[in-house]
Amino acid sequence: MASVDSTGLSVSGRLRSGDLLHAGLILVLLLGAWGVDGLEVSTGKVSSIEAMNGSTVLLPCTYSSCIGIKNLYFNWKYNDNGTFIKLCEAEIPTEKVEPKVHVFHERVEFVGSSKTNNISILLWNITFEDEGEYTCFARNPKEKNRNHSAIFTLIVVDQMKEVDNTLTVIIVSVLGGVIGLVILIMVIKAVVLHVLHKGNEKTKECLVSSSGNDNTENGLSGAKADNKATPKA
């Protein structure tokens, strides 16, 4: 029979509620940790690139996992108006082991390395038909097949746009002028202070010399006066 406290509530019932609450908190913490430490792939801070027709472009992608990887599967796919075309795929057995990449596109080259968690590819001699979205996908069995993907957009143009650097040139010129003016003022100030210092030294020398001469003359006059005042024997 369950005991009852002064409030009339079952002690055992309260203990069960407390256990459930603690279990729920632990589950939330575990789920939060799972979300933070889970597998992630990234195409970097810039998720798109503009390249000229006929050039070669790098499609960047890296992966990260705080608990490590095992038999990590990854692939690259191109979204052709809703149809995903696989460009390459591979499986990395474990960390620092290079994968055997299967390439399904004649102008695609794998340039990544498991040593740097890099699964980037090169796309050679691009055409306007290559423009669109490229998806980097990875799945980590070590994290119960957790998967993640990132999209990189390629824009193909006839010629690169000329960047107007007028504003940059103006800003740099103004900053350079201000810095030059400050330096010039400091140099002039230093020269003026030096000249004033030299002038003060000369003035002090003149005062000292004049004072010495006066004292000498006064001394000689006094001596002559004393000699004249001495009576002859």
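The chain as shown is numbered from 1 upward.
Cβ from N, Cα, C; glycine included.
Feature annotation from TrEMBL assigns compositional bias 'Polar residues' to 208-219.
Annotated domain 'Ig-like' per TrEMBL: 39-153, in sequence order. Across the range of the domain 'Ig-like' (39-153), the DSSP-based residue counts are 9 helix, 60 strand, 46 coil.
Residues or ranges marked as region 'Disordered' by TrEMBL: 206-233.
Positions annotated as transmembrane segment by TrEMBL: 20-39 (among others).
Residues or ranges marked as transmembrane segment by TrEMBL: 169-196 (among others).
Residues of the same chain lying 6 or more positions beyond the ends of the transmembrane segment (169-196) include none with a Cβ under 8 Å from any Cβ of it.
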